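Some features that Swiss-Prot has for this protein:
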type	residues	note
BINDING	D490, D496	Mg(2+) binding site
DOMAIN	557-616	domain 'KH'
DOMAIN	626-694	domain 'S1 motif'
COMPBIAS	700-734	compositional bias 'Basic and acidic residues'
REGION	700-766	region 'Disordered'
COMPBIAS	744-766	compositional bias 'Basic and acidic residues'
Amino acid sequence: MAKETFSIEFAGRTLTVETGQVAKQANGAVVVRYGDTTVLTAATMGKMATGDFFPLQVNYEEKMYAAGKFPGGFNKREARPSTDATLTARLIDRPIRPMFAEGFRNEVQVINTVLSYDENASGRVAAMFGSSLALAISDIPFDGPIAGVEVAYIDGKYIINPTVAEKEASSLELSVAGNINAINMVESGAKELSEEVMLGALLAGHNAVKELIEFQNEIVAKVGKEKAEVELLHVDEDLKAEVIAAYNSDLQKAVQVEEKLAREAATKAVKEAIISVYSAKYENDENLSIILRDLAEILEGMEHAEVRRLITEDKIRPDGRKIDEIRPLDAEIDFTPRSITHGTGLFTRGQTQALSTLTLAPMNEAQIIDGLNDEYKKRFMHHYNFPQYSVGETGRYGAPGRREIGHGALGERALEQVLPSLEEFPYAIRLVAEVLESNGSSSQASICAGTLALMAGGVPIKAPVAGIAMGLISDGTNYTVLTDIQGLEDHFGDMDFKVAGTREGITALQMDIKISGITPEILAEALAQAKTARFQILDVIEATIAQPREELAPSAPKIDTITIPVDKIKVVIGKGGEQIDKIIAETGVKIDIDDEGLCSIFSSDQSAIDRAKEIIAELVREAKVGEVYEAKVVRIESFGAFVNLFGKQDAMVHISEMAWARTAKVEDVMKLGDVVKVKIMKIDDKGRVDASMRALIEKPEGYVEPERKPRERRDNKDRRNGNGFDRRNNDRNNHNNNSGNHSFELRERKSHVDHEFPELSTKKPE
């Protein structure tokens, strides 16, 4: 295949696709260039069907060379995917997965490799576009294309694929994907936006998606391959009819048992009895394994059909609830002692239960993120754990998987919108959600538990946040939207639409579906139903704890902040860290200073924090014109005296500014070590300070300022050295730097006295 290039302008950038040049042994491969972001996507398919599920794997690989950076760590090589890469892979997987045929079992891999990275041209958007297109032009059976975009909301306007600056100004961060007809994936964080604004964003995003799909269709028409014939998993129709006729009523009764564990036991007993009958019947048949495989699919299909029939026809849910009814709710705080942990919340919804624990720490404990973007500190972390005991099973136990990372990130987006600013609350914040029981919607339970933990821990959040999961049963013509779906409804339903927010608006959305897409009407109904449910949950949370506690837990670290000028950071740190180490040694605190000058001081002892803050304030303090100080005399010269205002800040009091009457000698007015009251009169551009004592003394009645003789012009040699360098500036700097070399300063001040106050001059007339 020869190289082909296709380009369009999309959302203010050039989108270019290249095919036929690289990765030609893959079933399909494309290079997508969006702005200066370049992503190579390759799609491959296994030769044979495997297993009883569809093994789709989507990867998003961030290569550090793409941003001109070295990987961190000892080995200087990319290792496990970053959290962002994992979330991006999930983001691409979710809209692609529903686009494969029922019964398709061949393994499919879609690998996205970021070759160059432009922070203002989304790698996620490019990779999702490339994933769909690589599958669409390949011989892999794929009912696409799909595409996705990012949407921002600024000043009442929706912006497609925003830049970094636009994202920072936006009250919405939305990823939306779909096919030409409908939306099939949503992921969003928002600053308490209304349902109407969110729906508008989804529709604006889908309109942009349609443009990308039309572009893909043009490319497929020119370079697409003929789709391969693959064997789909089909059950024996005669066997299916036989089993349904004989056992459907038994399975229906089992499915209608309301309590989860009892229902699971009942359905398991019915299925095992049926399998036992057919195992004996076909014991000697060489196709026994295929028969049993088909039988498992048939029984799963029967259960699937009964759950959906109950909901759509009888309007009865498996646990007996109404379509829009929430399971029983319970909320509790302080599950563990406040003397040890910083805040806990236990939230229960039916048979789903989550325990969230808050930990506060200074900002130097924040997570450092070093990816393709510039390195930064992540202040808020929400981690989600799903142990197998929560569903009464044994299984894998270890590092979090993609699902746990994804659910943690969803909770993080939902809650971070209501957190106080770093200036208001100078802590790094970590929430860990332990799912203790699960029967659906555990991610939303973790959000509710997180709200309880934050409020119990004294974090001054703007408002409590609650989350609810909505479901959908659709036959293509009619549909039913379900509130608070349980595990069975999630498993056999068509949609899992999670909505989190406050009473003011939505803070997070996530939608996954198993059908090709859903309409705006369904989305609007689901959002409205979710709002009603969210308010019910907030009632329970607020009845448990109405406002965040005013005091932190006794076990929480004490932190205070002081903002210092950026140019003073080096003063606080000192040469080689000498100054900051001295403060730490004296007070026993720990100190963290960010690039913006926010200085966080933390300790278990509040008095130590106060002392450290006092020292730092003194170090960065600056004199201001008009301020009055009690200053100590630190040096006396014939023309005046130097006084210490505070710290290392000195000021010069000229002899003429010591009194209204003529002062013959400085020593007549003050001596070393005296404390005198002075007023700041002038600060020059080099930071040198002139002060006055007489400005604080009432002018004598009838006082007349002495007449000053005009200055005589002197040869430059009197004021400059042989290189033309002005010695006066250097002289004064020598004093300010405590160098001890004041010879130039003396000459400067002596010359000043001679010219300005000839009556005080000791110089002989020329």
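Cβ coordinates are placed from backbone N, Cα and C, and glycine is handled just like the others.
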> Using DSSP and three states only, what is D496 (Mg(2+) binding site)?
Replying inline: strand
> Which residue, out of the binding-site residues D490, D496, shows the minimum number of other Cβ atoms inside 10 Å of its Cβ in this structure?
Replying inline: D490
> Can you tell me how the residues of the domain 'S1 motif' (626-694) break down into helix, strand and coil by DSSP?
Replying inline: 7 helix, 36 strand, 26 coil
